[in-house]
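J.: Supplied in structure tokens, the structure appears directly below.
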């Protein structure tokens with residue numbers, strides 16, 4: 001039973017716009033550019049000033065809004081959400097934005113992040129007679145808002161935010177205004193821009209480029225924005241700020257054309273590749289990256305070392321959701337689908353294979369084997385991040401301690417397991433300097449918990465790991 | 001009326017296997033790796049030695065064979081086909097392999113290429129009472145086989161092949177054997193490999209890597225292979241050989257991990273990029289390629305010049321068939337979906353944008369504009385092939401004379417049209433040397449017709465251009 | 001806003017079973033036999049003793065559970081629901097059973113009927129911080145249960161039932177028991193049966209015949225049944241009993257093979273037809289009924305009068321949901337689809353057309369016209385129920401006062417409007433005697449409100465008519 | 001192999017219209033009224049005077065033309081077809097009308113019936129080099145037309161018709177005219193009507209009523225009609241006329257509101273029921289018919305005997321194609337879906353159960369059992385046609401000799417097998433007189449082959465029975 005009442009809100013993407021006649025359509029294109037943040041489900045809620053209208057579904061955004069369904073939805077403002085694919089979890093009712101209607105007014109919620117005290121709060125609310133319809137953290141916030149006792153929506157939201165802990169970027173929309181809130185640690189990226197007279201907000205700045213909007217600034221930790229027809233208003237809902245942007249957003253999660261706190265993600269990755277080359281150079285013939293997220297780091301590694309960068313691994317563009325996986329027998333016969341090693345490039349060569357991270361090690365072992373089968377003479381694995389030895393409670397779906405290969409093995413042991421000729425990880429210092437965030441302090445306002453085990457927030461005893469949910 | 005009876009057989013991909021218990025499944029994975037050659041339709045015909053079974057449909061191969069449909073199909077041999085997406089054309093009945101049943105035995109056909117005398121032959125056959133069910137060139141071959149008067153299938157096929165002209169790689173399968181034929185010019189790639197005891201044949205060698213097969217050799221121009229339970233048998237069906245491999249297969253059509261006549265496609269493209277850099281270097285800050293097909297050339301250009309290679313353009317992975325295109329109004333507001341320029345990379349920079357070809361010029365103009373809007377200070381366009389000034393009659397969907405920008409404009413005029421600061425194409429010599437095919441002669445056994453206007457085959461007065469069909 | 005928070009729970013069908021290894025499958029077949037009570041949506045919730053599992057969707061039950069989806073659901077007990085099609089209303093979230101999960105246990109609800117004080121109760125609950133996820137009356141009961149303060153489920157349910165007013169047949173299921181409640185007026189039919197060792201409950205007895213169960217008895221007004229692995233337990237939750245079975249269940253809503261309070265519906269309808277013949281005989285050549293619900297009455301009319309019963313009107317079996325209605329232009333050209341008049345039967349004849357009711361009169365006028373166009377010499381309309389001159393608040397989707405033709409017109413006026421040669425309705429006395437319910441009192445425990453305007457329950461000022469909802 | 005090249009054209013429905021601006025829409029509604037004649041597939045081909053356009057698919061007509069697909073199709077004339085559901089056979093390519101395009105003009109064919117020499121003709125055509133794309137008889141006619149050597153379409157069609165034997169109602173449409181042909185035995189019904197200035201033709205007259213057309217006359221055996229913008233022209237293509245309308249069209253296949261040769265089908269069936277009552281009366285309490293096709297006969301039986309007619313068996317309206325059949329285990333538990341016996345009607349009664357025919361006997365046994373389980377004291381089965389002891393070669397899907405219960409058993413044996421208290425069939429004389437066709441001769445121009453074994457046409461050695469095909 002316990003599992004069912006726990007929250008479910010992993011890495012996702014949010015987008016909102018206020019004051020544009022094509023708000024739902026703009027939101028569609030904005031969400032589309034955030035599709036890499038979640039492929040399980042998508043939804044849009046709009047307001048025409050008087051009524052909230054919701055449209056959502058399981059699948060990719062272009063599946064959910066196929067066949068002109070978007071034509072049925074209009075409004076001057078909208079918020080939208082794309083949802084991360086979890087193993088068994090989810091279901092239609094968890095697709096966001098969640099819409100809550102009542103006789104005294106309605107509101108919709110879209111959330112990116114993971115609350116660490118959702119179970120505790122939910123338990124208390126249920127004991128008081130609340131009925132939860134989803135297994136999503138987001139609903140906790142809705143009940144807190146409704147039960148706050150404040151008639152004013154802004155006060156109700158601030159009261160609710162004071163209760164929850166963890167990582168969150170929230171978009172809240174009523175018939176007449178949109179609110180934007182980022183947790184006091186600023187664990188998730190969230191930026192504001194303008195499109196003509198309209199305000200837009202998005203998990204990543206790539207959404208602004210796609211819709212032709214102008215980036216204004218990143219939302220600040222602990223900041224609450226209220227946007228309506230009057231304009232935009234900002235206030236702090238927490239004084240206890242501890243800036244801790246998730247490192248993984250730079251390392252592999254965000255799109256290379258996004259900027260986070262003014263730093264381009266591709267450039268950050270390329271710099272990580274350069275630092276990695278400095279820290280652990282190797283004598284080799286070709287550098288190749290594991291597509292797509294490690295390409296930038298591989299380019300940086302090649303550029304610094306002068307070893308030619310090549311397409312040694314090709315990703316198959318057509319491996320969609322309906323793709324039929326080879327049976328075990330066929331896999332043993334050598335059928336492989338998602339990645340191909342390019343024999344013409346690696347045969348007889350000493351190959352540096354750059355990847356962004358190692359979680360369980362199984363994928364790395366498979367790629368090393370693939371490169372050797374394609375004729376690589378040596379395979380040197382270089383990882384553009386430190387070893388991940390601690391679970392994430394803030395929405396990144398890594399793993400438990402047991403499953404994280406780096407929590408139980410030395411680098412040399414991992415090298416043997418994945419079958420590489422050499423293996424090196426980037427250092428934490430290399431990571432911080434490679435990214436080069438413009439903040440003071442030991443960690444430059446960055447969350448390193450998965451590498452160091454030092455969590456920026458309190459962690460509750462029964463906090464649920466993302467992959468355990470649903 | 002005339003248009004309707006003309007052929008329709010553009011660039012496609014074929015795959016066949018003989019003598020494997022998982023023949024249909026292997027064919028699925030083989031075709032999957034050839035999906036880039038055609039996304040309009042896919043099909044597989046199998047034989048269990050006694051009966052041919054067909055399964056096909058419109059769409060991607062994983063859509064056509066979704067929901068375990070492949071389980072319904074078994075056999076020891078199979079041929080398959082992926083079909084190129086044409087503007088208005090096609091329809092279910094044109095999806096290949098075509099299956100022809102009769103009381104005296106059945107056969108299936110899969111075809112990659114374009115016949116130049118299909119209209120003439122079809123007209124004659126209809127005058128004699130034949131009924132055509134498709135608008136596909138492939139059916140012409142079937143009627144010629146049936147009407148040859150030969151009881152022996154091999155003789156019937158040779159008789160039929162003696163009538164048709166143009167580009168073709170044919171797979172023909174009866175209940176008891178598979179035949180493989182390549183046109184006397186060898187205009188399309190086609191290779192043979194082995195998988196255990198089974199023979200496999202595919203448009204590109206990447207299919208062999210994916211299924212774990214071993215590459216044996218490329219099929220020769222004018223060669224007819226007969227494969228059955230006894231083994232493999234080869235003969236020549238034409239003595240009039242004039243080796244002319246399509247240049248476009250190297251330049252943009254084939255997958256970078258494929259080899260054609262022993263030359264890796266990625267390596268060939270990288271070399272084209274290097275030759276391009278030699279021929280038309282430029283002072284710049286970053287090199288970027290138009291994804292996906294120009295990445296290799298861009299890497300080569302960067303490597304030779306020492307200008308850093310960057311991800312200045314990002315392709316959106318999720319632009320699928322059901323994606324809703326922005327309305328004209330939204331496009332004018334700046335909504336763009338397929339490609340994004342990376343502001344963090346190009347802002348304030350002098351950018352070399354490498355592309356593989358220019359057909360009408362509209363795409364190039366759009367990308368140049370996009371780079372400038374993202375802040376590029378200068379945009380220098382470098383094309384890793386010569387200007388395309390002549391239509392292709394062999395299956396590549398370029399265009400008529402009127403639509404080909406290079407058939408009516410000088411390079412300087414094109415530069416102005418696309419709005420680049422400078423523009424340069426690769427020379428024909430650079431193309432030939434960059435690819436470096438291991439054949440004698442002026443053109444190294446390569447078709448250059450779209451660049452030079454010198455066609456390797458006879459061209460018939462009313463030969464239909466691929467894009468005019470259906 | 002008001003409309004949105006009002007309830008939505010019209011005529012529907014419910015089915016439940018406790019203690020059978022094929023509970024979900026049995027429920028599927030049971031619901032299937034109740035499909036005539038609702039075609040908008042269907043759902044099943046099962047329990048395996050530890051966990052409730054829900055599966056539901058919009059559409060017919062065989063659509064919702066197509067493609068073997070039922071295989072994914074198992075359990076020893078289940079409740080199910082089929083939902084009535086309303087004009088614009090509904091949506092996925094209103095499909096029942098509704099499932100409410102919480103840390104202290106879960107429960108599911110299925111409801112047939114219409115509450116008259118739902119708006120009032122909902123308003124109070126929202127003011128106390130409750131969030132409603134649906135526009136269904138059923139959710140009111142759930143919140144009342146959760147907020148009752150009783151830890152014991154039975155007490156919580158009884159407390160909740162004491163608040164609500166109107167027509168309801170409720171099935172409630174927790175992980176470990178099923179509860180069955182019928183409103184104190186017994187406005188909706190609900191019967192209990194046994195299938196081997198299992199208990200079954202259904203809106204109509206036809207469900208028992210279909211699954212091979214044995215009918216035991218009808219649930220009593222104000223009765224609460226608790227069924228679990230220990231057996232069945234009955235108690236009264238209200239002392240204020242006023243038996244008032246809906247007359248329309250006999251007249252047109254229930255299936256002819258069902259029995260209500262021991263009276264077969266076909267037989268009751270046939271008797272209504274006989275009474276009608278006695279009250280308003282006519283000289284004619286053929287009797288025909290409007291299919292399907294008036295066939296029984298027409299047979300009775302023919303049997304008593306000796307006028308031959310014929311198929312003068314044919315219903316098209318294939319008019320499904322996806323059927324394309326003729327355009328206005330085509331309708332004017334005479335295209336008609338749902339019903340056909342049989343020229344070979346009615347041409348040149350004096351026809352008695354028996355129908356079960358007249359609501360707005362438009363359908364009757366259309367059928368009379370159709371019979372005349374097919375050559376009927378005279379058309380005598382006979383209605384096997386009294387004129388409907390008052391709206392129903394208990395779930396039958398009749399209409400407002402304004403729309404009910406009989407609330408504004410005399411019988412003679414109606415005759416002129418529908419264009420009949422003569423028109424007669426059954427009297428209220430004829431209705432009561434024709435059905436012949438085995439109860440004492442003026443109305444024999446029957447609700448006649450739509451004929452007489454005398455409602456068996458209190459009616460609240462802003463009670464919502466079913467057709468106004470959503 | 002042989003099976004595959006044989007024809008496939010069972011009982012189907014055809015509709016055509018010439019000279020109406022809404023021709024495709026009218027055809028849709030016409031076909032819809034013929035849906036009972038075939039549910040496997042449907043198609044419409046239209047002409048705008050210059051080009052034939054086809055739209056077809058598997059499934060019911062409202063599924064094939066769902067979502068406004070009909071809007072894409074226009075024309076001044078159209079022919080359409082609904083196809084009978086066969087066990088394993090069929091497939092998309094066999095859905096009609098078949099469309100044949102060629103450089104010298106196109107034509108479309110729609111066929112109701114079954115050719116007896118299709119295999120022989122096909123074998124000869126293939127030996128001459130023709131390629132067949134379908135397993136449908138209809139394609140034989142197309143090849144004969146194309147190979148006739150006649151440039152004039154009418155002469156080509158007459159030449160082709162002179163070769164084929166069996167049962168057929170053909171609609172043929174070119175860009176500029178429509179031809180209608182009925183076999184010399186007139187085995188299948190086909191009627192002509194007018195709709196304003198347009199000519200319409202349909203398998204059954206019910207189609208005329210639905211679209212508001214006026215019936216003109218039945219097409220004559222051996223008649224060829226040519227309809228174009230000039231008007232209608234009739235000629236004979238055969239002098240060897242032997243009128244033999246299929247008895248089964250009256251007995252169970254056609255719709256009760258259709259007339260065949262001026263006789264209403266419901267009336268004919270009712271008369272068969274009266275004759276049956278005369279021939280084999282029985283002392284009983286209620287008469288019931290097996291829905292839908294035996295209702296009319298049951299009414300006739302009741303009317304003549306004075307035994308009350310009741311709804312003793314109810315057909316479930318919602319048993320669609322996607323309905324999930326109960327597993328064997330559940331069937332043994334008593335789950336039944338398509339038909340229900342009405343306990344309230346039959347309990348304790350002596351029941352006469354009227355059915356239109358007995359083929360294998362399994363259905364009859366099941367219904368008798370069902371009635372007894374519902375409490376019937378006695379069950380007397382009365383069949384409104386003679387015993388079927390011979391297979392049909394003209395398109396009715398009865399069975400082989402072995403499967404026809406009446407070809408191996410006496411009436412008394414059949415009674416025991418189905419478990420009835422008594423059983424009687426109608427006599428052949430009763431059948432002929434009950435229908436009362438207005439023709440001279442022993443058989444009144446009616447085919448009785450399935451009862452008598454005397455076939456009206458030559459039967460070829462390897463004529464394929466409908467149910468053996470595909």
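Note that Cβ sites are derived from N, Cα and C of the backbone, with glycine treated the same way.
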J.: Looking at TrEMBL, A:246, A:447, A:450 are annotated for [4Fe-4S] cluster. Which of A:12, A:392 sits in that same site?
T.: A:392
J.: If I go by TrEMBL, which of A:293, A:422, A:427 binds Mg(2+) at the same site as A:355, A:356?
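T.: The record-listed residue among the candidates is A:293.
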J.: Identify all same-chain residues not among A:246, A:392, A:447, A:450 whose C-beta atom falls within 8 angstroms of the centroid of the [4Fe-4S] cluster site's C-beta atoms; report them in sequence order.
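T.: Neighbours within 8 Å of the Cβ centroid, excluding A:246, A:392, A:447, A:450: A:187, A:247, A:248, A:394, A:396, A:448, A:449.
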J.: Please report how many Å separate the Cα atom of residue A:293 (Mg(2+) binding site) from that of residue A:246 ([4Fe-4S] cluster binding site), as a whole number.
T.: 16
J.: Starting from the Cα of residue A:447 ([4Fe-4S] cluster binding site), work out which of the recorded positions (A:12, A:355, A:356) are within 10 Å.
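T.: Within 10 Å Cα-Cα: none.
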J.: Roughly how many Å separate the Cα of residue A:392 ([4Fe-4S] cluster binding site) from that of residue A:356 (Mg(2+) binding site), to the nearest whole number?
T.: 17
J.: In the same chain, which residues outside the set A:293, A:355, A:356 have their CB within 8 A of the centroid of the CB atoms that define the Mg(2+) site?
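T.: Neighbours found: A:251, A:252, A:289, A:290, A:294, A:297, A:354, A:357, A:383, A:384, A:385.
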J.: Taking the Cα atoms as reference points, how far is residue A:246 ([4Fe-4S] cluster binding site) from residue A:355 (Mg(2+) binding site) in Å?
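T.: Cα of residue A:246 ([4Fe-4S] cluster binding site) to Cα of residue A:355 (Mg(2+) binding site) measures 19 Å after rounding.
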J.: Average the per-residue pLDDT over the domain 'Glutamine amidotransferase type-2' (A:12-230) and send me the rounded value.
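T.: Looking only at the domain 'Glutamine amidotransferase type-2' (A:12-230), pLDDT averages out to 91.
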J.: Within 10 angstroms of the C-beta of residue A:246 ([4Fe-4S] cluster binding site), what count of other C-beta atoms is obtained when all protein chains are considered?
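T.: Result for residue A:246 ([4Fe-4S] cluster binding site): 28 other Cβ atoms within 10 Å.
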J.: Could you tell me which of these binding-site residues, A:392, A:447, has the greatest number of Cβ atoms within 10 Å of its own Cβ?
T.: A:447
